[in-house]
Amino acid sequence: MSEKINLMDLTRQQMREFFKELGEKPFRADQLVKWIYHFGEDNFDNMTNINKKLREKLKQVAEIKAPEVAVEQRSSDGTIKWAMQVGDQQVETVYIPEADRATLCVSSQVGCALACTFCSTAQQGFNRNLTVSEIIGQVWRASKIIGNFGVTGIRPITNVVMMGMGEPLLNMANVVPAMEIMLDDFAYGLSKRRVTISTSGVVPALDKLPEMIDVALAISLHAPNDELRDEIVPINKKYNIKMLMDSVNRYLSVSNANHGKVTIEYVLLDHVNDGTEHAHQLADVLKNTPCKINLIPWNPFPEAPYAKSSNSRVDRFQKTLMEYGFTVTVRKTRGDDIDAACGQLAGDVIDRTKRTAQKKQFGQVIGVVNQ
């Protein structure tokens, strides 16, 4: 018997083709997508508006399978981090509630190949790309856990950011269909302004993105000059800052999802990239690119060669940029008591080691604390 097809690997259009091949009406795909994503259903028997004969046929050839939660950790600030089981490995998904929204940070790869020196995920190295079902399945599983707001009191997901483990633009074949499902009114129906793809600067893929999908864009810049960026974001050696910003401006010229602006992400590293001179250089780099700048206090991880910028250095950096007229925010660190903060996602390899050590110390698996 051939392997069953996971319907979570299919966009609604692909599912319509699947039903045609089964000799069924394409509208059945619309029904299935609604059942899977609107109602969180993964059991064909519970799909009451689909006749029993078709349900039995589907059970023979298809399945609905999302990653399972291996470990759940809840922060004192409401952030939840899940280690999701994907095959024999794990990736991490983070739920971040705020007063007016709730953002889900989703992984696109097991590990990451880009080797950014300040990021714990990069220290794990790259293992493989996630499939469509493993990406959209993170959203499905999180939505299932969060449940009904009226019952659980947990705010439903309003935004999805592809800012978890991995470089999304190195897995476009799976990331783009997953985002299509996020945007599909029959699935999650998120606005394209509420789905964000983040990249460290894979320029050829970024140039292709507008032909495939229109979503909000964030750029992990982190340095204002090529010499420094070559060191801390090594992909810059291949696609330098000018090449990247030219590509960003091309994307903005055709995108409707960004309000005409890109988000620039900038992790502040003490006495590395957080000086006033760096702020002036950054202002010069961004002067021709409509943007908002998100400054991110660095989140420490074991054996990292960096320190966190002081509040005074962060404030000075922000004020310098604001004097140029930029909109500049400082990201509030969320979930750092469970290593769910930006740059701390390391998945099974590192987390498992840390959890084991804590288990020996405290006799139970607890939220990971910064060392």
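The backbone N, Cα and C atoms fix where each Cβ goes, glycine too.
Swiss-Prot annotates Gly166, Glu167, Ser220, Leu221, His222, Asn299 as S-adenosyl-L-methionine-binding residues; of Ser143, Ser191, Ser198, Ser312, the candidate listed for that same site is Ser198. Nearest in space to Glu92 (active site, proton acceptor), taking C-alpha to C-alpha distance over the binding-site residues Leu221, His222, Asn299, is Asn299. Residues near Glu167 (S-adenosyl-L-methionine binding site) in space but far in sequence (CB under 8 A, at least 6 apart, same chain), listed by position: Ser108, Gln109, Cys112, Ala113, Leu114, Thr199, Ser200, Val202. When other Cβ atoms within 10 Å of the Cβ of Cys119 ([4Fe-4S] cluster binding site) are tallied across all protein chains shown, the result is 27. Across the structure, Leu221 (S-adenosyl-L-methionine binding site) and Cys119 ([4Fe-4S] cluster binding site) place their CA atoms 13 angstrom apart. Note on proximity: among Cys105, Cys116, Cys119, the recorded positions of the record, the Cα nearest Ser198 (S-adenosyl-L-methionine binding site) is that of Cys105.
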